[in-house]
Amino acid sequence: MDVPGSDWLLVPLQQLVSWAAAGAMVFGGVVPYIPQYRDIRRTQNAEGFSTYVCLVLLVANILRILFWFGRHFESPLLWQSIVMIVTMLLMLKLCTEVRVSNELNVKRRFFAESKDEEARAPPRRAYLDFDPHHFWHWSSFADYLQCVLAFAGVAGYVTYLSIDSALFVETLGFLAVLTEAMLGVPQLYRNHRHRSTEGMSIKMVLMWTSGDTFKTAYFLLNGAPLQFSVCGLLQVLVDLAILAQAYAFARRPSKPSPHTVHPTSAKAL
């Protein structure tokens, strides 16, 4: 049997698998947000999604892109960050529009009898007000965009000045992936504090677990920088811890709750 003659089939097949894995890395991270985006548009209710998830992922992926300038890594990981940033900005835009619209409707209903036209409009909260009480809870998507651009500009300038420092570059890489790895910690803490996983979708957590496992395996097999592999493993451990909470709390008798508990992070979707 002529084994070398099979190369014409084996080589393209390996290339196809490589392209598929790269495509999964680039777009796989945003897939879980698609049903969430559609659900918010359909229900016009964004209370079940925390915009702080967008903040965490925007910071993490901006830092990851800056890390690439100091230490080049796999191109799919770079494109993954770009796609995730665009996705989080779209989520922020939708959530802001829905929240502001709902606030305005509530005000209008509340002041319908008084006919107070000025009271119908909720107070505008802007990024340039520099009010820490309203941080990341502004009235316009443009304010979020200004904040993201300001952070990217400052972080980019500091990176430009320190790009020759190996310690700074490695620290930047750890900060980027560690920030993303901590995405599930708020949900883990909430479950522990309430001793319950009520309001949390098990399917969504399973989706994150499978995605994080694939991502970590991709890091290990493709020789990604150590930061990616270590923090990928940390993400998987956090996902497994949340699933363990769901199993443990499901075995306990449920307590009546006077109100619906809203999730506090993307892991609760």
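Glycine is no exception: its Cβ is also placed from the backbone N, Cα and C atoms.
The shown structure was predicted, so the numbers you read here are calculated from the model rather than taken from an experiment.
The transmembrane segment annotation in TrEMBL covers 16-37 (among others).
Look at TrEMBL and you will find 49-71 (among others) tagged as transmembrane segment.
The annotation transmembrane segment is assigned in TrEMBL to 77-95 (among others).
The transmembrane segment feature in TrEMBL is assigned to 141-160 (among others).
Here TrEMBL flags 166-189 (among others) as transmembrane segment. Distant neighbours of the transmembrane segment (166-189): 50, 52-53, 56-57, 59-61, 63-64, 66-67, 70-71, 159, 200, 208, 225, 227-228, 230-232, 234-235, 238-239, 241-242, 245, 263-268; these residues of the same chain sit at least 6 beyond its ends, with a Cβ under 8 Å from one of its Cβ atoms.
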Tertiary contacts of the transmembrane segment (49-71), as residues 6+ beyond its ends and Cβ separation under 8 Å: 36, 40, 77-78, 80-82, 84-85, 88-89, 91-92, 95-96, 136-137, 148, 151-152, 155-156, 159, 163, 168-170, 172-173, 175-177, 179-180, 182-183, 186, 225, 227, 263-266, 268-269
